[in-house]
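Accompanying notes for the structure given below.
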Amino acid sequence: MANVTVVGAQWGDEGKGKIVDWLAERADVVVRFQGGHNAGHTLVVNGVTYKLSLLPSGVVSGTLSIIGNGVVIDPWHFRDEMERLRKQDVVITPDTLAIAETSPLILPLHSELDGFREDRSGDKKIGTTRRGIGPAYEDKVGRRAIRVCDLAHIDEIGSRLDRLIAHHNALRSGFGKPPVDREKLVNDLKEIAGCILPFAKPAWRILADEQKKNRRILFEGAQGVMLDIDHGTYPYVTSSNTIAGSAAGGSGMGASAVGFVLGIAKAYTTRVGAGPFPTELDDEVGQTLGERGHEFGTVTGRRRRCGWFDSVLMRQSVAVAGITGIALTKLDVLDGFDEIKICTGYKIGDKVYDYLPPYYKDQAAAKPVYETIEGWKESTAGARSWSELPAQAIKYIRRIEELIECPITLVSTSPEREDTILVKDPFLG
């Protein structure tokens, strides 16, 4: 059995939660390997909706779940999210959930700095969730971070706390903000430590043991390839590497553990927040896509921008993320359109591109070159086999495969877990 790594193939919000939940039923371990609580997952199981942003999707099904060292953790959000799920009768214990001891913490000073920067940015906002993800990663790279393991030694890390606070006080001074209250921060950390430490474990060792037992491991990515800090629409990106290769470093496993890479993509395209979006539709069609697809961010509640499927971006995502197969979601949202468009290139000035150039002004100026195909009137909602799909919907799927140079492995036709068409089992490689 192969391991499976799930990544978003667009700008996030592709429906990874449902697909991961569907796969988690057959996995032995589910691992988050990057990001923080800025990425929302919505699961619908037996008519019950679960919303997660930090915890791996496997917790809902009771699958062993691990938050890897590549994830930045807000301990207070962890507590609140866990309590909310427990109220929905989800069982979460140290036997079913582990947090890497080396995961960096998101502290209140990180989310505050995030907000200070966004407020100062004016009309040039990146569109951050203001949850401190970026500043926490900055401190990790700057070797200032307080990590999960440090919560067991708060009284012994005074010099490190002083260095961290001095750095942030210098930044806060530039924004005209008061210094960090050191005493309060220490007390807050001592208070929350008891919630986190029971789950703190050597995640790399657990995973190594599971691998030796030939367990099926499912790596759950957050955000999407086009939000990757290196390969995305910079600077309108997240603060971590979202591509499949990060599963190795962000979990403590070797590169060979990544296995089958399943990219999740909507049958159209959406984006939350600022940044280039060549196929964005500021018209009735875009509004219809948003209404039918219930396009609001799980974490922020912000309305998502909507547009036609972009095969250029997808082909680029497939290449840089090493995607083996695609899970196509929300096909049912396209039911009833007379015609559907697919972006096959970009025009920037007098030049046509078959990829998205890296310069941000070129990205903003890119105009889509469309191919138009006939739509379908029949409903695809709830379909669980190819025979239930309209012929024109199948034609649309096949055309996407040709354009992105990657096979469609799964098709999702509703938020319900079982409304999924399996073309190829990712766990079989």
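Glycine too: its Cβ is placed from the backbone N, Cα and C atoms.
The model shown is predicted, which means the values in this text are computed figures rather than measured ones.
For ASP13 (active site, proton acceptor), other Cβ atoms within 10 Å of its Cβ number 27. According to Swiss-Prot, the active site, proton acceptor annotation covers ASP13, on the basis of sequence analysis.
For HIS41 (active site, proton donor), the Cβ neighbour count at a 10 Å cut-off comes to 26, with all displayed protein chains included. The active site, proton donor annotation in Swiss-Prot covers HIS41.
Every protein chain shown contributes to the tally, and the Cβ of THR42 (GTP binding site) ends up with 19 other Cβ atoms within 10 Å. For 12-18, 40-42, ARG304, 330-332, 412-414, the entry in Swiss-Prot reads GTP binding site, with the evidence type sequence analysis.
Around the Cβ of GLY15 (GTP binding site), 21 further Cβ atoms fall within 10 Å across all displayed protein chains. In the three-state DSSP classification, GLY15 (GTP binding site) falls within coil. Annotation source Swiss-Prot lists IMP binding site at ASP13, GLU14, GLY15, LYS16, ASN38, ALA39, GLY40, HIS41, THR129, ARG143, GLN223, THR238, ARG302.
In this view, GLY40 (IMP binding site) is surrounded by 22 other Cβ atoms within 10 Å of its Cβ, with every protein chain counted. GLY40 (IMP binding site) falls outside any helix or strand according to DSSP and counts as coil. If you look up Swiss-Prot, you'll see ASP13, GLY40 marked as Mg(2+) binding site, on the strength of sequence analysis.
Per Swiss-Prot, substrate binding site is recorded for THR298, VAL299, THR300, GLY301, ARG302, ARG303, ARG304, and the stated evidence type is sequence analysis. In the three-state DSSP assignment, the secondary structure recorded for ARG304 (substrate binding site) is coil. Other Cβ atoms within 10 Å of the Cβ of ARG304 (substrate binding site) number 21 in total over all chains.
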Could you state the CA-to-CA distance between GLY12 (GTP binding site) and GLN223 (IMP binding site) to the nearest Å? 4
Of LYS18, THR129, GLN223 (the binding-site residues), the residue whose Cβ has the fewest other Cβ atoms within 10 Å: THR129
State the Cα to Cα distance, in Å, between THR413 (GTP binding site) and ASP13 (active site, proton acceptor), rounded to an integer. 16
